[in-house]
Amino acid sequence: MIPARLHRDYKGLVLLGILLGTLWETGCTQIRYSVPEELEKGSRVGDISRDLGLEPRELAERGVRIIPRGRTQLFALNPRSGSLVTAGRIDREELCMGAIKCQLNLDILMEDKVKIYGVEVEVRDINDNAPYFRESELEIKISENAATEMRFPLPHAWDPDIGKNSLQSYELSPNTHFSLIVQNGADGSKYPELVLKRALDREEKAAHHLVLTASDGGDPVRTGTARIRVMVLDANDNAPAFAQPEYRASVPENLALGTQLLVVNATDPDEGVNAEVRYSFRYVDDKAAQVFKLDCNSGTISTIGELDHEESGFYQMEVQAMDNAGYSARAKVLITVLDVNDNAPEVVLTSLASSVPENSPRGTLIALLNVNDQDSEENGQVICFIQGNLPFKLEKSYGNYYSLVTDIVLDREQVPSYNITVTATDRGTPPLSTETHISLNVADTNDNPPVFPQASYSAYIPENNPRGVSLVSVTAHDPDCEENAQITYSLAENTIQGASLSSYVSINSDTGVLYALSSFDYEQFRDLQVKVMARDNGHPPLSSNVSLSLFVLDQNDNAPEILYPALPTDGSTGVELAPRSAEPGYLVTKVVAVDRDSGQNAWLSYRLLKASEPGLFSVGLHTGEVRTARALLDRDALKQSLVVAVQDHGQPPLSATVTLTVAVADSIPQVLADLGSLESPANSETSDLTLYLVVAVAAVSCVFLAFVILLLALRLRRWHKSRLLQASGGGLTGAPASHFVGVDGVQAFLQTYSHEVSLTTDSRKSHLIFPQPNYADMLVSQESFEKSEPLLLSGDSVFSKDSHGLIEQAPPNTDWRFSQAQRPGTSGSQNGDDTGTWPNNQFDTEMLQAMILASASEAADGSSTLGGGAGTMGLSARYGPQFTLQHVPDYRQNVYIPGSNATLTNAAGKRDGKAPAGGNGNKKKSGKKEKK
């Protein structure tokens, strides 16, 4: 039992503490001061900073201010001293007319805490007003037969002060006929009355002059006076009388002007003139005198001003009725003004935030509203609400204050601003309402990154584009605003084929337009993968990226390239072999071409552009195969020239041509045997070119022969000295020229021959045109005297088997040397023996030529007739290892067949693909031609 009892006691103490804390907090928010009226402006009322628990400097820092009420501000805050001071002269009588306690209320707002403190200031009365009479002079008529002790009302004095400073007493100037008596009303008012003490005699004195003095209880005492003149009349023995001592009326405040409220009525028993009664206000305040009017004849009270319950809800007046004899009666008139719902509620914004961040938490204060209705009772009861489905709510605060706060977290991207309508409605009939509109902007925060409308972008650009051309425009959207929506575009770093991406494309950081910095080549690369980044300027900045695929479109900017037959570098033309026994459709060769473009631009077609024998050959449109169109006849020329065109399908189409020379023969030796009688087709342009070449070479030869003759003439003087040398060379008669050529000389001669000896392709007869001789040293071989040297060429050839007219060798001329640039070899670059001499007669020249052709025939037939081993150019075994075909260029590139475009091909290189026996040539696949 004891623990349970202690628990109940403890619980009661806790509840009592909570209740006391609540009462203390409520009391702390109400501050009271007292101040006398009529203080000068700036007079101290109270230390508001101390009562708020603040330092004076904190008043401004924390936003402490007085919430204004009405147009006139009576008080102000002194930020230096922290005091509440008067803002002007305070007149208690003007503010609180007739009120016993004059109390002024004001509200002080502490903005940082959004807390309101109520302040009550009691204005104490001082004796600043003297009593006064509205009429400074008054005339009273009294019948001479008036009875003593008859009372006559005197004018009432006014004193706006209260308490002891208000009206306290009346005094009448001394006289023998009258005295003064003061009546106290129910409300504490004092009404002076004149009492007749001694009977009047008009004949003795027709008028009496009195002075009525009103005094207050202030210190010092203030007084007011009124002069009274008493006129003595003839006898009238009856006074008027009101039907009732008090008249009451309740009227609504919205009455129209001139409306009759009530009628007072008084009667006089006298007759005639003495019975006539006139009505007047005996007592009425200033406000009532401006609102009500009393008809002096009828006693009707009507309105001459607008009634306002909020200004004054009750009026009290005193009327009197007086006959001609001066007798009077009085009655009270009480008028109650009923309230009607004629005032709509008033809404005052005491604090307002123009904008609120969109990420503000729920319950953020937007505005502080003060709601008031001047009506009373239900007409003054107000309810507030927000129109529409808005994310805000009103919370009841201190007194008539409401707080407008957010109900959810706002999002500027959904709703950037709100027009809030706060409606205040009273409970009157009919109810009146007031709408207050609040415009609220939602401040943006950077909570949205830029967004691209597409997940990825693709752009196409033809190759060979000009630099600086725009490729594509990418645009991102940021739902934010201002700086948070300003987007900067950039490209992610990347490397393409070893080069930075920035060397190929760039992007405008403001517009997002992508530009080409270089001209693209489809054959180099066909697409670019670019990552575009969009970043806003918020804090912190947000970004997003998108992939951009840039495809390069092919253009027909590459002509077909012919891979086979390849164009020789030495100016010769390849020869394809077609046996005379070939049937129609026989595959002679195949033109192979490629195009570096793609698609339709790389589709190739082949056609026979020109042929020396039309109808003999055909070219496959898509394969490029050159086949015989019919059987070969004996009348068909040995050499057939074909021009094959290869064309792509681009726009515009590009093409390339190749010239093929087809030898109609069964073998290479047959081709060489028939070269002497080969006739080329007439071609005016080629014939002219050949003529020019013949004339040029003939001129050079003539100059050379003249030079040789000059040298021979100079050597006649030394003829006798050379007899011994000639005698020693007599045993060489009948020896072939090939036995006099040394290894080094042949090598140098062949190299020079390969570059400087040319055979015209279309001459009417076969000619060998030799440039200026450039011979190497010659060696004598005794071992080869016994052998004969057959020659391959016949007919009109300049070579002959019987060329033995001059077999003696002139002595070497050691003074005639050639510079390094004049020596045999390609452009004089071959190394030779600086001590050798050159043949200086026609015999040696012809023998060397015969040796070259014999060696060529030997290599073509795969056998040697000069006694040398394989690949030794027919030289003896003594010189074979030192000079082989591996040390010199392929003769098939250097020896031309006169009168044709063909070069010598290895006789062993048949279509069967077998290599010649004992040869060192390369092996070719079956069905392929060896092209040099």
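Every residue, even glycine, has its Cβ placed from backbone N, Cα and C.
Annotation source Swiss-Prot lists compositional bias 'Basic residues' at 922-932.
Look at Swiss-Prot and you will find 243-347 tagged as domain 'Cadherin 3', backed by sequence analysis. Confidence in the domain 'Cadherin 3' (243-347), given as mean pLDDT, stands at 90.
The annotation domain 'Cadherin 4' is assigned in Swiss-Prot to 348-452 on the grounds of sequence analysis.
The annotation domain 'Cadherin 5' is assigned in Swiss-Prot to 453-562 on the grounds of sequence analysis. Secondary structure of the domain 'Cadherin 5' (453-562) per DSSP (helix as H, G, I; strand as E, B; remaining residues coil): 7 helix, 51 strand, 52 coil.
Residues or ranges marked as domain 'Cadherin 6' in Swiss-Prot: 570-683.
For N265 (among others), the entry in Swiss-Prot reads N-linked glycosylation site. In sequence order, F242, A243, G299 constitute the residues six or more apart from N265 (N-linked glycosylation site) in its chain with CB-CB distances below 8 Å.
N419 (N-linked glycosylation site) falls within a strand when secondary structure is assigned with DSSP. For N419 (among others), the entry in Swiss-Prot reads N-linked glycosylation site, with the evidence type sequence analysis.
The Cβ neighbour count for N545 (N-linked glycosylation site), using a 10 Å radius over every protein chain in view, is 16. The feature N-linked glycosylation site is assigned by Swiss-Prot to N545 (among others).
Taken from Swiss-Prot, the feature topological domain 'Extracellular' covers 30-692, and the record attributes it to sequence analysis.
The topological domain 'Cytoplasmic' annotation in Swiss-Prot covers 714-932.
Per Swiss-Prot, the feature transmembrane segment maps to 693-713; the stated evidence is sequence analysis.
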Where does N265 (N-linked glycosylation site) sit in DSSP terms: helix, strand, or coil? coil
Same-chain residues at least 6 apart in sequence with Cβ under 8 Å of the Cβ of N419 (N-linked glycosylation site), in sequence order, are H437, I438, S439, L440
When secondary structure is assigned with DSSP, how many helix, strand and coil residues does the domain 'Cadherin 6' (570-683) contain? 13 helix, 46 strand, 55 coil
